[in-house]
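What TrEMBL says about this one:
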REGION    1-95  region 'Disordered'
COMPBIAS  16-25  compositional bias 'Polar residues'
COMPBIAS  52-64  compositional bias 'Polar residues'
COMPBIAS  74-91  compositional bias 'Basic and acidic residues'
DOMAIN    113-300  domain 'DH'
DOMAIN    329-428  domain 'PH'
DOMAIN    466-526  domain 'FYVE-type'
DOMAIN    550-647  domain 'PH'
REGION    649-673  region 'Disordered'
COMPBIAS  659-673  compositional bias 'Basic and acidic residues'
Amino acid sequence: MAAQNQMECEEEKAATLSSDTSIQASEPLLDTHIVNGERDETATAPASPTTDSCDGNASDSSYRTPGIGPVLPLEERGAETETKVQERENGESPLELEQLDQHHEMKETNEQKLHKIANELLLTERAYVNRLDLLDQVFYCKLLEEANRGSFPAEMVNKIFSNISSINAFHSKFLLPELEKRMQEWETTPRIGDILQKLAPFLKMYGEYVKGFDNAMELVKNMTERIPQFKSVVEEIQKQKICGSLTLQHHMLEPVQRIPRYEMLLKDYLRKLPPDSLDWNDAKKSLEIISTAASHSNSAIRKMENLKKLLEIYEMLGEEEDIVNPSNELIKEGQILKLAARNTSAQERYLFLFNNMLLYCVPKFSLVGSKFTVRTRVGIDGMKIVETQNEEYPHTFQVSGKERTLELQASSAQDKEEWIKALQETIDAFHQRHETFRNAIAKDNDIHSEVSTAELGKRAPRWIRDNEVTMCMKCKEPFNALTRRRHHCRACGYVVCWKCSDYKAQLEYDGGKLSKVCKDCYQIISGFTDSEEKKRKGILEIESAEVSGNSVVCSFLQYMEKSKPWQKAWCVIPKQDPLVLYMYGAPQDVRAQATIPLLGYVVDEMPRSADLPHSFKLTQSKSVHSFAADSEELKQKWLKVILLAVTGETPGGPNEHPATLDDHPEPKKKSEC
C-alpha cells in the first residue's frame, strides 16, 4: 500500500508539472499596456501580471507567470498531496477534502490579485514618472530657455507649470524607488500599505498644482494664440515621439488625474485584503489621506473634461465661434428638425446647448474640416420655451429668444421632453445666477404669442407660416402667385403682401440692420406719424419728373444687383428724402421700381477689371449694388452725395446740374437736377 501511494504521488507530480508547462507555452499571457498611466488590456507585450478587465478575477493557471503570486513549489505540492492521501486514509470524506481544496485555491487567488494590484501600481507609476519628466525636463525647461531669450516673461512659464519640478522629484526619487524595491521583496514582504501610509502626506503638494490648474490652461491657450515663439516651441515638442501625439494640455492633466488613480487602486487593494492582514491598518490610513487629496483633483478633472469638450466643439464649428471659455458649460447637444416658415418642409439642424447660449447649427457634408456652420446664437437671457401642437408634425416645441424664434421638431416624445427639460432647467439656472428674473420660466399659453410693442425690433418674432394664412394679415387682400405674393414682417412675424411690407426699419435684435417690416411696425419703430408716412408714400407715387425736379442729384446710371445683368435706371436722391436712393425705369415713370436706404452702406469707389468703367459699389451685409456712370465726372458727383448719405448726413441741393438729359437723348422730356 505504501508503494502504491508513492507511485500515485509521483504521477500527480508529473501531471502537475506537465499541466503548468503546457499552459505557459500554449496560452498567450494577457499583458498590461500602459498608456498615459492607464491600463490598456487589449495590447500584447512581454508577459506581466494583470487584473481581469471585468471583475478582477483571473484563473491561476491561465495567467500564471514566473515569479508572480504565491505559486507553490512542486515539493510542497507533493507534500500536500501526501497529506491529502493520509487524511483520506484517516477517514475524511471526499466533500470535506473538496472544500479544503476550494479554500486553498481562493487563498491563492486573493494573494495573486493583491500582487497584481501592487504590480499595476508600479507599472503605472513608471509611466507616470516618464510623463512628469516630459513636463518638467522637456516642456518646462525648453519654454524657460525661450523665455530667458526675452520672447515672453519667464513668470508666465512658472505659473503654467507651478510646482511640477517638486512633484517630479517626489515621485522619481522617493515613491517609485520604494515601490521598485518592495516588488522585488514581495515574496517575503507582500504589502504596499506601509509605503503609501508613509509617503501619502507628501501628496498634499498637489494642492498647489490643482489650485492653479484652470489659470494654467487659460495661460497656455492665450500664449499659444498671441505669442508665436511660445507656440513654436510647444508644437516642436508635441511632434516628438515621446509625446504620443498628445498636446501639452493633455500631459498637464495627468498630475490632476494621478491622485484619483491612487485612490481607485488602493480601494481595490483593500477589497482584496483580508481584515486580519498586517497591512490593513496602513492601507486604510493611506486611503483616507489620498481620498482627501483626490476630492480636489476630481473637481479639476471635471473642469478639464468640460474644457476638452469645448475644444472639440470649437473644431467642429470651424474654429470660428469663441466658445472655449472656462465659464461655458455644455449642457446638451443633438440633432433636431427645424420647421420652415415658408413651406411645410422640415430641415435637419444641430443644437449645442450651453449654460448661457444655444447654438443653432446647420450640418456641413464634408469629410474633413468643420462639421457644422453656426446659423444663429440665441442667448439664454430672455429665452422662452413653449410646447406647441402640430397635427402634421408631432413632437414640436418653440424656442423664442431675443435674437431669433425657432420652431423645432424632436425625433420622439421622449427626445422632445428631454430638450424642453434641459432648456428650461438651463433658463432657470441662468436666472438664479444672475437674479434678473423672479420667475425662472415665463409661462405663455398662446403658442402664437405676439411680440409686445415694447419689445418690437428688440426680440425676434415667431414667423407665421405661409400655409397658415390665405390673405394679407394687414390689408386682408387675398394672396396669389403673381401680383400679391407672401412676405414676412421681420418685426412682428406676420405674413403680409408686398404693398404692406414696402418698409424698412433698423431692428435691434438683428444688429441694427435695415430689414423689411410692415407699415404698423415701421411707424412704431421709426416713430413716423401717419401724416409723415403719407408724405413719404407720396414721393413714391408721384411722377419721376416731379421727384427729379426737386432732388439733390439725378441721372441715368447702369445698375447691377448680385449676378444679374447690367441695366439702365433713372436714379434720384430727392431733397425730401436725402438718405434714400430711388430707381425708376425711365424719367416719366409714376412709381419707383426700387429704393435703397443709403444709411450704413459701405462705398467702394475702385472698379474691378470685370466691372464697367466709372463704376462704384454699395455694400451692406449680403446686399451688393453696383452702379456705373457715363463719365468720371458724373461718378464723382454721385459719390459726393452718397458718401454723406451713408453716414447719415443730409447733403444740400447743388445749384449746378450734375447730369442733364442732353447727355441722354432717350427721354423726350428734359429734367434738371
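Backbone N, Cα and C atoms are what each Cβ position is placed from, and that goes for glycine too.
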Three-state composition of the domain 'FYVE-type' (466-526), taking helix and strand from DSSP: 14 helix, 16 strand, 31 coil
Rounded mean pLDDT for the residues that make up the domain 'PH' (329-428): 86
Three-state composition of the domain 'PH' (550-647), taking helix and strand from DSSP: 14 helix, 43 strand, 41 coil
